[in-house]
Amino acid sequence: GGYVANSLAIMTDALHMLTDLSGIILTLLALWLSAKSPTKRFTFGFHRLEVLSAIISVLLVYILMAFLLYEAVQRTIHMDYEINGDIMLITAAVGVAVNLIMGFLLNQSGHLHSHSHSHPHSHVPQSNSPNTAHSGSHGHGSLAVRAAFVHALGDLVQSIGVLVAAYIIRFKPEYKIADPICTYVFSILVVLTTVRILCDTGVIILEGVPRHLNVDRIKEDLMKIEDVYSIEDLNVWSLTAGKTTAIVHLQLVPGSSSKWEEVQFKARQLLLNTFGMYKCSVQLQSYKQEISKTCASCQSSSA
């Protein structure tokens, strides 16, 4: 519709909707990849393909946006273009209608999902820390739908802006400058929508700690486990969005090496249930073994 009407505003609005479509496709890709079994070569599976797909889709969106911005600048300078106001108005109206329907469906879905999880499960044994993770997992789906609903409202506002610009151009063709102005505004919205995707994928590729986790908090909770003397090493990273992995090396209190199974079980339960890890590995070592190792390294360095 934007191409036929020669309207950059509608093209930019479509570009913003393309970013939403990319997000949906990436979600479906993640679901499909999570069902595939790891191989001998890719022992973690193929979760990182989702990250690569996200980067490629965002780069394609930026290339298209750069082209639209260039055309908007040329139109602003030369003003030698004509816009079919009728087609632009019809296309913008269809866009508003679609966004209204999408917002209504998401709103209904959010209410149904929150109602289905509103009743507490009293028959499940709960403790203080795991209870937080348990209740959070029930609200996660509803929160995701609500976030999608808020995003749909943003898309609706943008579509209404295009509709207003189309109305102006249809009945006041001399104000056709509204078309490139909409392109400038919506390009900023596209950048704001995609910059977080780039930041999150960058953290995943660099194997950084996900934004929702605090390493110091994890260490504090691990140190509260009985018979844990110290934490020698803790690595936390993401295979992809929502799939966090951890490797921790614990040192046991002297004389408690016989309780290593109990300590390992508690540490794994803490990482998997409380902090929502997708996978974790807990390595244990007695305090005396670490002391002898340190002395050996000191002797070699002094020699």
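Using the three backbone atoms N, Cα and C, a Cβ is placed for every residue, glycine included.
The compositional bias 'Basic residues' annotation in TrEMBL covers 113-122. Annotation source TrEMBL lists domain 'Cation efflux protein transmembrane' at 1-206. Summarising the annotation, TrEMBL assigns domain 'Cation efflux protein cytoplasmic' to 210-285. Taken from TrEMBL, the feature region 'Disordered' applies to 113-139. Positions annotated as transmembrane segment by TrEMBL: 14-34, 54-73, 85-106, 148-169, 181-198.
Residues 8-9, 11-13, 15-16, 19, 23, 54-55, 58, 61-62, 65, 68-69, 71-72, 154, 158, 161-162, 165 of the same chain, all 6+ positions outside the transmembrane segment (181-198), place their C-beta atoms under 8 angstroms from a C-beta of that stretch.
The listed stretches are 14-34, 85-106, 148-169; of these, 14-34 has the most Cβ pairs under 8 Å to the transmembrane segment (54-73).
Tertiary neighbourhood of the transmembrane segment (14-34): same-chain residues 1-2, 45-47, 49-50, 53-54, 57-58, 61, 64-65, 68, 95, 151, 155, 158, 186, 189-190, 193-194, 197, 240-243, selected by CB-CB distance under 8 Å and a gap of 6+ residues from either end. Residue counts for the domain 'Cation efflux protein cytoplasmic' (210-285) under DSSP, helix first, then strand, then coil, are 27 helix, 30 strand, 19 coil. Averaged across the domain 'Cation efflux protein cytoplasmic' (210-285), pLDDT for the predicted model comes to 90.
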